[in-house]
Amino acid sequence: MRVGVLTGGGDCPGLNAVIRAVVRKGVEVHGWEFVGFRNGWQGPLTGDSRPLGLADVEDILTRGGTILRSSRTNPYQVDGGVDQIRKVLADQGVDALVAIGGEDTLGVAKRLTDDGIGVVGVPKTIDNDLGATDYTFGFDTAVSIATEAIDRLHTTAESHHRALVIEVMGRHAGWIALHSGLAGGASVILVPERQFSVDQVVQWVERRFEKEYAPIIVVAEGALPEGGEEKLLTGEKDAFGHVRLGGIGNWLADEISERTGKESRAVVLGHVQRGGTPTAYDRVLATRFGLHAVDAVADGDFGVMVALKGTDIVRVKLSEATAELKTVPLERYQEAEVFFG
Ligand code: F6P
């Protein structure tokens, strides 16, 4: 058996841990061979691949990024894309694919399975917004990085009597904002799931200043003021139709300064949240996902994704996995409100 592995979409800490687990178990338990396809779906589209043996996965458990590189290529946007993939897999003698990715990569995996190509999916995204799995690896690392940043911002904000707005990732789901905001003791948390009133934010900020503390406002990049529009960095869309968000943090800091007369600054965390070594939790989750993905391939159980349910790794249909985004429920957000202001 020869199995292809690829990583697609935005990178995230833990991708290498999955690749390592897949190759270690596949080679040592089943005696399979592996091919690493480079740059997400671009690899199987163009035939760009590299050998992936035991030596290639040594020392990568703790490394951030992905040794296979990534891209947001969508083969369904390429004329004859699926036939091209079929030909590359046949030419390279690849019997099955393990695709590690988020909503978009797994959406393609599902369509390819429907088109007769055997794919097993592994969920990844720092956003933790994939339905059908309790957690995705990468999320814990992103939250830890954001929390450390918030801890540091508290002390400097207090020294200077400033409000500090910290913009974190999260296009449609505010999980990183909610968890890092709670862990870091933020004075306000703003998520894409719930439009916010700038007047209300200003009230919370002023109340915080009255208590002789400096307000820390955590805002997800996709959060929206009531009646406002998403703040875009550019109007361009990627192959899956996503725009590049960014700017809400600076915009909100300016509004706060103007309305309170107090100095307010913004910090945009950006890709710092996606880089570097994964936390122990993410290494373990990524490793377990990789091991169970190999089991699914061994069973010929294609069109599924491995998922975390409680403490168990289970298999779910890719159609179920990509059906809907897991957003922050209102009651989870409301839990945090007691700390606002
Ligand atoms: O989906 C993961 C994610 O990190 C989002 O939180 C963010 O909006 C997006 O990727 C950024 O993508 P890129 O690095 O391609 O600009």
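Every residue gets a Cβ built from N, Cα and C, even glycine.
Whatever TrEMBL says is automated annotation, not expert-curated.
A quick note: this is a predicted structure, and the numbers were derived from the prediction, not measured.
For the substrate site that TrEMBL gives as THR125, ILE126, ASP127, ARG162, MET169, GLY170, ARG171, GLU221, HIS271, VAL272, GLN273, ARG274, the extra residue drawn from ARG265, ARG283 is ARG265.
Following the DSSP three-state reduction, the secondary structure of ASP104 (site 'Important for catalytic activity and substrate specificity') is helix. Candidates ASP104, MET169, ARG171, VAL272 (recorded positions) were compared with ASP127 (active site, proton acceptor); those inside 10 Å Cα-Cα are MET169, ARG171. Residues THR125, ILE126, ASP127, ARG162, MET169, GLY170, ARG171, GLU221, ARG265, HIS271, VAL272, GLN273, ARG274 are recorded as binding substrate; their most distant pair of Cα atoms lies 33 Å apart. For ASP127 (active site, proton acceptor), the count of additional Cβ atoms within 10 Å of its Cβ stands at 28 [all protein chains shown]. Within 10 Å of the C-beta of ASP104 (site 'Important for catalytic activity and substrate specificity') we count 23 further C-beta atoms, all protein chains included.
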